[in-house]
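Here Swiss-Prot flags 25-45, 54-74, 85-105, 116-136, 142-162, 177-197, 275-295, 313-333, 343-363, 372-392, 414-434, 444-464 as transmembrane segment.
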């Protein structure tokens, strides 16, 4: 294994690899900011542009439907132009979308801005974790590949804070500044990422062996580790291990994603089917368990629980952002020590309990007309607990796991397919939550999410093997074993 040369313990995280992953993950801060700030902006958009609940649902969810398109395009795009330039493209799209939203003279223009930004989100959510995973060593891949989700949480918290302070501005100015200010960091990132190296795995897949090896030497902890990683990637790319050329023609090999969809969807091997099931399953359950309802509609949920003033609503919502960021940061430190599987099962188990408590608290509060103090406190504690349990496991592990389980030649488009499922579920929840609460009450909606989370726990327990500490090439071999051997790797959780 590349991280355990001659039986030595893995060295500390490579600083240059960490810098690369942080810069790539900044695009996730911008996306997170949009999610957080939209929860407050919609309160004022509804009043300023005289929109109804259905229009608000469409406005919040359309970004994710467009992100679906972006994510499906991102896999092939990143295989052709590279991971780095795909991040640049994502930044430019999000910048243009932010400018349109900041202008927003009417609902159609605002909607077009959300669509443009959504395309950028789709590109970013697919490529940032893949880039980080391909830069990182196996012993620190969980840390680096979880950075995008940590940055999403930081962005959400920033959005909640901006909501609180900009809400004091005149209404027609406040919400436009909330949405438009995201154009500035998008522009900075587009230039900043150009100073970062390309993914060494992508370069080697293109036959650019010398460039790929030079970058591996920069992001590895020793020359021996770099050489071992280099040989592993060459083998995965189908390059003769004895080849010492600087550049190799990759004739007949799938270097730009040709034929990959056939291998993924039409004629997958048993191993690829198993990878697809686990990767798409974890993306499905991440949003089907209701996290977007709390993040996007937090002010409305807390209003149902009994909080009335806008200042108090935004302050309590900031608490959601603090919990999310704190526990995501904790998860980044634990992923490579505790492992993906144990954290995931603990996380989802806690979510089931918290969602049940939230459903009960909101039901009691609504039945009493929002005048039960204990029901209000229970609802706030349960919402915070739900976000905390989500953030320490299911939140970051979804992106880490799906970026590392696909074989090298299928990784970019496999990851893009996972993001597509993720965005569909995000859009489904965000575009239906208000209608759902009208049909079965807000408390009933969270009881339903608790049931989904319980199903998710069983799915993860029986189907997801541990990948902690394994190189990407070793993970590929893990999924090629028969089902009994894979289940044997799981242990007793």
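Each Cβ is built from the backbone N, Cα and C atoms, and glycine gets one as well.
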Any contact, the transmembrane segment (313-333) to the transmembrane segment (177-197), with at least 3 Cβ pairs under 8 A: no
Whether the transmembrane segment (85-105) meets the transmembrane segment (372-392): three or more C-beta pairs under 8 angstroms: no
Other parts of the chain folded back onto the transmembrane segment (444-464), taken as Cβ under 8 Å at six or more residues beyond its ends: 277-278, 281-282, 285, 288-290, 293, 340-341, 344-345, 348-349, 351-352, 355-356, 358-359, 362-363, 394, 401, 433, 436-437, 487, 490, 493
Stretch with greatest number of CB pairs under 8 Å, the transmembrane segment (54-74) reference, 116-136, 275-295, 372-392, 414-434 candidates: 414-434
Same-chain residue ranges lying at least 6 outside the transmembrane segment (116-136) that approach it to Cβ under 8 Å: 17, 20-21, 24-25, 27-28, 30-31, 34, 62-75, 77-78, 83-84, 86-87, 89-98, 100-101, 143-145, 147-148, 186, 199-202, 219, 399-400, 402-404, 411-412, 415-416, 418-420, 422-423, 472
